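Annotated in TrEMBL:
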type    : residues                                                     : note
DOMAIN  : 93-239                                                       : domain 'Phosphoribulokinase/uridine kinase'
BINDING : Gly98, Ser99, Val100, Ala101, Val102, Gly103, Lys104, Ser105 : ATP binding site
Amino acid sequence: MGRPGTDRDPSLYLELDRKQWRDLRKSMPMVLNEDELEQLTGLGEQIDLTEVAEVYLPLSRLIHLQVAARQRLFAATSTFLGERQTNRQVPFVIGIAGSVAVGKSTTARVLAALLARWESHPKVDLVTTDGFLLPTAELQRRGIMHRKGFPESYDRRALLRFVTEVKSGAREVTAPVYSHITYDIVPDVRHYIRQPDILILEGLNVLQTGPTLTVSDLFDFSVYVDAKTDDIEKWYISRFLQMRTTAFADPNSHFHLYSSLSDDQAHVAARDIWTSINRPNLIENILPTRPRATLVLRKDTDHSINRVRLRKI
Ligand SMILES: Nc1ncnc2c1ncn2[C@@H]1O[C@H](COP(=O)(O)OP(=O)(O)O)[C@@H](O)[C@H]1O
Ligand SMILES: CC(C)(COP(=O)(O)O)[C@@H](O)C(=O)NCCC(=O)O
């Protein structure tokens, strides 16, 4: 019997293995082909059409059902207020949380592609929270560059305002854009969001709570991408080594100096960043938010998802 109130508590969560989850796809057709999936997969991510069929199609069916139910809930409030019934869709907001390098962005992109195939919600926008990081100059001024990705390194008020405006149906809302190359906010560039049917917000700390309203209070559904900490460390280091010949090779890359490191030197550098920044953030801030997720996807060492935990209440 899991501890009450945790994501091991069977009165809170339903634990399903891959086969049980796979069967919940029912008759949903496969709507992605190999090439499309290839485009969606992040560096170092191993995902194939079997995983999409057995993990992501059932998930997109569950969310599709919840989008319809949520619209009926909003209609009920309109009826109560005596408002004229309109077909206006209130954007359905999904949060995707998890550690640096766990594969959040791949999960977000695959889910966005599948959800956009439904006629009732074809407009799916994906926003990453790194655009709401404080600019490097501000992080340096506050002396918190070593806390990048921690809750205090974000403009949380701007993030909450952004999601509130999208959810309230504003015609056009913009978000700042982050560059992993320059490791900073891109000046004068904005990401435009125009009344999506579904907004997916992906980032380390999207399930954070606090004494005041936080973005997670505006979520209609949330996913936590989970894996053993030791596995994520291996994935982070492996991706870092791969990036020497891709992202870091760009002379504008913040990590350009690492592109010429040997395997051993790059391994030491990656492990240092993991141990000093990303692992403490995972342990202190991200892992504690896992019980708040609607759904937990548990990855094995080979990135495959073999266990799913679904909130029952
Ligand atoms: N230092 C970096 N340089 C270039 N790209 C990066 C760097 N760090 C992360 N990325 C890329 O940015 C995306 C988001 O990474 P991250 O926030 O760690 O989330 P996750 O790996 O869980 O999707 C991933 O596609 C990853 O490959
Ligand atoms: C940009 C990140 C904070 C992730 O932000 P997110 O998109 O999850 O909001 C993270 O990828 C990062 O750069 N962390 C700092 C330590 C590192 O370089 O890995």
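Counting starts with 1 at the first residue shown.
Glycine residues also receive a Cβ, built from the backbone N, Cα and C atoms like all the rest.
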Listed in sequence order, residues not in Gly98, Ser99, Val100, Ala101, Val102, Gly103, Lys104, Ser105 with Cβ within 8 Å of the centre of the ATP site Cβ atoms: Leu204, Val225, Ile232
Gly98 (ATP binding site) in three-state DSSP notation: strand
Assigned element (helix, strand, coil) containing Lys104 (ATP binding site), judged by DSSP: helix
Counts by DSSP class (helix H/G/I, strand E/B, coil) across the domain 'Phosphoribulokinase/uridine kinase' (93-239): 55 helix, 41 strand, 51 coil
Per-residue pLDDT averaged over the domain 'Phosphoribulokinase/uridine kinase' (93-239), given as an integer: 97
Binding-site residues whose CB lies under 6 angstroms from ligand 2, from Gly98, Val100, Val102, Ser105: Val100
Candidate with sparsest Cβ neighbourhood (10 Å radius) among Ser99, Ser105, the listed binding-site residues: Ser105
Cβ-Cβ distance under 8 Å to Gly103 (ATP binding site), same chain, at least six residues away: Gly42, Glu45, Val225, Trp235, Lys299, His303
